[in-house]
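Visitor: Below you'll find the structure I mean.
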Amino acid sequence: MESLTLQPIARVDGTINLPGSKSVSNRALLLAALAHGKTVLTNLLDSDDVRHMLNALTALGVSYTLSADRTRCEIIGNGGPLHAESARELFLGNAGTAMRPLAAALCLGSNDIVLTGEPRMKERPIGHLVDALRQGGAKITYLEQENYPPLRLQGGFTGGNVDVDGSVSSQFLTALLMTAPLAPEDTVIRIKGDLVSKPYIDITLNLMKTFGVEIENQHYQQFVVKGGQSYQSPGTYLVEGDASSASYFLAAAAIRGGTVKVTGIGRNSMQGDIRFADVLEKMGATICWGDDYISCTRGELNAIDMDMNHIPDAAMTIATAALFAKGTTTLRNIYNWRVKESDRLFAMATELRKVGAEVEEGHDFIRITPPEKLKFAEIATYNDHRMAMCFSLVALSDTPVTILDPKCTAKTFPDYFEQLARISQPG
């Protein structure tokens with residue numbers, strides 16, 4: 001297996017221009033494909049997950065052109081639901097941001113298509129979304145294991161009253177919200193359980209509004225969506241930088257700055273993961289906010305005990321930053337780490353122990369006590385981009401670290417290690 005050894009980093013300093021947000025890129029691509037008119041997306045993320053969405057749109061007959069660097073995409077909207085005339089099966093890798101929204105969107109009309117993906121995708125639950133779509137009339141068959149992909153979709157979603165469990169993934173609600181305006185009837189979506197990752201729903205609602213559709217949000221408990229609507233192209237749309245990707249550079253600055261500035265997101269960003277900067281500030285770093293940037297300067301870091309439900313992806317970065325904080329850090333209410341690209345609670349606990357930390361892994365929490373000195377280790381990444389990026393921070397000590405399968409960062413940030421090297425000074 002390929003590996004990358006990072007030598008100790010004495011200091012980080014500089015500016016990082018963030019690649020486009022994965023969450024925003026894939027939502028914007030699908031809405032542009034469903035919309036009337038031509039949409040130009042700029043600062044689109046070029047990554048595996050986005051390529052899976054683009055390949056799916058091609059198979060579904062959507063016409064688009066990409067710039068040479070794949071960050072500018074001109075899409076001719078379909079002016080309504082997508083039709084799987086020639087496509088029989090779509091392979092979506094491990095891209096939840098493609099699988100969940102497409103599973104809903106392709107239940108409109110009378111399609112007959114199979115959605116499948118990598119082995120890990122077949123372990124990521126989708127039952128709550130399928131249950132909700134079936135309540136709205138969709139005909140969906142599990143082809144292997146009940147409640148998991150692959151799925152056969154045969155259209156039939158017309159709207160109506162739909163209950164969806166919000167406790168596992170906000171992507172199920174996102175998928176329903178994006179699809180419901182195109183259904184022939186009105187849809188009332190009721191949330192069962194506590195809604196996780198609420199800020200990701202705000203991204204969805206924000207983008208739908210950009211594409212001309214507004215819905216009634218009743219305190220995140222119920223959403224009322226008028227049927228028979230259509231999305232309208234906003235013309236040109238700039239995809240903001242990826243706030244989850246920003247977390248590694250901001251944390252690096254908190255641990256070994258200097259000052260690092262990330263551009264492409266700022267105080268008005270629609271992504272909830274910008275709140276990661278508040279957590280670093282609480283730990284002792286100095287944060288400065290601009291309209292189009294966030295900067296972080298090193299501080300003496302202290303442990304925290306916090307509910308991380310609002311920033312599940314960026315919270316992983318706090319788990320490795322905790323290695324450099326004084327005291328025991330506890331991250332709570334993060335059960336949904338278990339159903340991401342890997343079982344992130346298990347993976348994080350296992351790899352933190354390798355570098356010498358004392359770790360308690362609970363059903364929905366992790367507690368981390370750093371060692372006096374970090375140990376050299378080979379870090380397994382579980383084909384999970386965030387594991388690779390999180391554990392790169394170990395090199396901000398006097399200890400090198402080896403990352404196995406470093407290219408797994410291609411899911412969201414293909415040149416992550418080059419960008420980290422650019423702001424790093426060797427120890």
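The backbone N, Cα and C atoms fix where each Cβ goes, and this holds for glycine too.
Just lifted these from Swiss-Prot, have a look:
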ACT_SITE  ASP313  active site, proton acceptor
BINDING   LYS22, SER23, ARG27, SER169, SER170, GLN171, SER197, ASP313, ASN336, LYS340  3-phosphoshikimate binding site
BINDING   LYS22, GLY96, ARG124, GLN171, ARG344, ARG386, LYS411  phosphoenolpyruvate binding site
Visitor: For the binding-site residues listed here, ARG386, LYS411, which shows the highest count of neighbouring CB atoms within 10 A?
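Guide: Top count of Cβ atoms within 10 Å goes to ARG386.
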Visitor: Among all protein chains shown, how many Cβ atoms are found within 10 Å of the Cβ of ASN336 (3-phosphoshikimate binding site), not counting that one?
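Guide: Around ASN336 (3-phosphoshikimate binding site), other Cβ atoms within 10 Å: 20.
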Visitor: Compare the Cα of LYS411 (phosphoenolpyruvate binding site) against each of the recorded positions LYS22, ARG27, SER170, ASP313, ASN336 and report the nearest.
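Guide: Of all the candidates listed, LYS22 is nearest in space.
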Visitor: Compute all pairwise C-alpha distances among LYS22, SER23, ARG27, SER169, SER170, GLN171, SER197, ASP313, ASN336, LYS340, the residues listed as binding 3-phosphoshikimate, and give the largest one in whole angstrom.
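Guide: Across LYS22, SER23, ARG27, SER169, SER170, GLN171, SER197, ASP313, ASN336, LYS340, the two farthest Cα atoms sit 20 Å apart.
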Visitor: If one looks at the chain holding ARG27 (3-phosphoshikimate binding site), which residues at least 6 apart in sequence have a CB under 8 angstroms from its CB?
Guide: THR97, PRO101, THR174, MET178, ILE203, THR204, LEU207
Visitor: I'm trying to understand the geometry here, so how far is the Cα atom of ARG124 (phosphoenolpyruvate binding site) from the Cα atom of the residue listed as 'active site, proton acceptor', in Å to the nearest whole number?
Guide: 16
Visitor: Around ASP313 (active site, proton acceptor), how many other CB atoms lie within 10 A of its CB?
Guide: 27
Visitor: Which secondary structure state does DSSP assign to GLY96 (phosphoenolpyruvate binding site), in the simple three-class scheme?
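Guide: SS state of GLY96 (phosphoenolpyruvate binding site) = helix.
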Visitor: Would you mind sorting out which of LYS22, SER197, ASP313, ASN336 (the recorded positions) have a C-alpha within 10 A of the one on GLN171 (phosphoenolpyruvate binding site)?
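Guide: Of LYS22, SER197, ASP313, ASN336, within range: SER197.
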Visitor: Between the Cα atoms of GLY96 (phosphoenolpyruvate binding site) and LYS22 (3-phosphoshikimate binding site), find the distance and write it as a whole number of Å.
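Guide: Approximately 11 Å lies between the Cα of GLY96 (phosphoenolpyruvate binding site) and that of LYS22 (3-phosphoshikimate binding site).
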Visitor: DSSP secondary structure for SER197 (3-phosphoshikimate binding site), reduced to helix/strand/coil, please.
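Guide: SER197 (3-phosphoshikimate binding site) sits in coil per DSSP, no helix or strand.
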Visitor: Where the distance is taken from Cα to Cα, which of the recorded positions ASP313, ARG344, ARG386 turns out closest to SER170 (3-phosphoshikimate binding site)?
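Guide: When the Cα distances are compared, ASP313 comes out closest.
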Visitor: Please report how many Å separate the Cα atom of ASN336 (3-phosphoshikimate binding site) from that of ARG386 (phosphoenolpyruvate binding site), as a whole number.
Guide: 14
